[in-house]
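Visitor: Structure below; questions to follow.
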Amino acid sequence: MKAIIVLLMVVTSNADRICTGITSSNSPHVVKTATQGEVNVTGVIPLTTTPTKSHFANLKGTKTRGKLCPNCLNCTDLDVALARPMCIGTIPSAKASILHEVRPVTSRCFPIMHDRTKIRQLPNLLRGYENIRLSTHNVINAERAPGGPYRLGTSGSCPNVTSRSGFFATMAWAVPRDNKTATNPLTVEVPYICTKGEDQITVWGFHSDNKTQMKNLYGDSNPQKFTSSANGVTTHYVSQIGGFPNQTEDGGLPQSGRIVVDYMVQKPGKTGTIVYQRGVLLPQKVWCASGRSKVIKGSLPLIGEADCLHAKYGGLNKSKPYYTGEHAKAIGNCPIWVKTPLKLANGTKYRPPAKLLKER
């Protein structure tokens, strides 16, 4: 029995060649695994893409808002938010919005001291709502407000469809008719007038000028005090008399004075208050806003549709589940950002071509 076994081993060992391994071509695919590090495999499916910059687009299945009022020609978003004459129109509903003006400005109406308040934020505040509408009624009777009666001031730089002069529809420039004298602080209540449980955004402000103009308009050339309060937020201002900075953002408007504009957010059923002296810009029409719209920084125009809006790349279609490149805010059905490309191995672990053993 032992002799037979020895014979078999000899026969086997005298075979011409013995092959080890699996025959395979060279593999260019390398994947990094959790347990074995880098491994060559016979096939992979790429899971990542590196996007290129493109136009922004409407998110598929929904409307995306670019300009607040697309049909308001030659109007900035701040013009629309303040309801400048000729810039009043319908703001479309939208689930997503493009923040395309980094520093919103107004023009061709009245020089605004933008940096005294948070007024630049108003267009972006509105953009964050899905539904936005301007009230059809004024929130208070400005002509009969405390300290009046008032006439409502206008500017030749703000023509409207019926007159060569006008003013923002969201505010009334309260100029005393007869009683042009200094006044102690006066208080007006601002009721909630929206009808569908929306947030009410109430715009107000004040006008100031040089000493001569302040005396002529209001009978008082001293700095005036103003306070607004709503939803637990109180803001105080003191007006500046003369010495105003140049208003290059407003295109060199001719007025000697300046206005400071602010807003307050009133929740359903809540009353706001404004305490004021001379030169007040009393609230008139208010914004009624509801729902949420996702906001992303981008640019116009909006072209076509896309699965995803990306702050750096624009409109993206989700061809792969992951992407590499610049990481930035994105909204919609977006791929997930990863630092390095990901691959799914769909073949076997690569083994080099079979090696020949030495003949015995």
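Cβ atoms are placed via backbone N, Cα and C, with glycine included.
Just lifted these from Swiss-Prot, have a look:
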type     : residues : note
SIGNAL   : 1-15     : signal peptide
CARBOHYD : Asn40    : N-linked glycosylation site
CARBOHYD : Asn74    : N-linked glycosylation site
CARBOHYD : Asn160   : N-linked glycosylation site
CARBOHYD : Asn179   : N-linked glycosylation site
CARBOHYD : Asn210   : N-linked glycosylation site
CARBOHYD : Asn246   : N-linked glycosylation site
CARBOHYD : Asn317   : N-linked glycosylation site
CARBOHYD : Asn346   : N-linked glycosylation site
Visitor: Going by DSSP, is Asn40 (N-linked glycosylation site) sitting in a helix, a strand, or coil?
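Guide: Note: Asn40 (N-linked glycosylation site) is in a strand by DSSP.
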Visitor: Let me make sure I understand the structure: which of the glycosylation sites listed (Asn40, Asn210, Asn346) has the fewest other Cβ atoms within 10 A of its Cβ?
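Guide: Per-residue Cβ counts within 10 Å for the glycosylation sites Asn40, Asn210, Asn346 bottom out at Asn346.
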Visitor: Among the glycosylation sites Asn74, Asn160, Asn179, Asn317, whose Cβ has the fewest other Cβ atoms within 10 Å?
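Guide: Comparing Cβ neighbours within 10 Å for the glycosylation sites Asn74, Asn160, Asn179, Asn317, Asn74 has the fewest.
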Visitor: Return one of helix, strand or coil for Asn160 (N-linked glycosylation site), based on DSSP.
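Guide: Assignment for Asn160 (N-linked glycosylation site) reads coil.
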Visitor: Could you say whether, by DSSP, Asn179 (N-linked glycosylation site) belongs to a helix, a strand or a coil region?
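Guide: It is coil.
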Visitor: Can you give me the Cα-Cα distance between Asn210 (N-linked glycosylation site) and Asn179 (N-linked glycosylation site) in Å, rounded to a whole number?
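Guide: One finds 20 Å between the Cα atoms of these residues.
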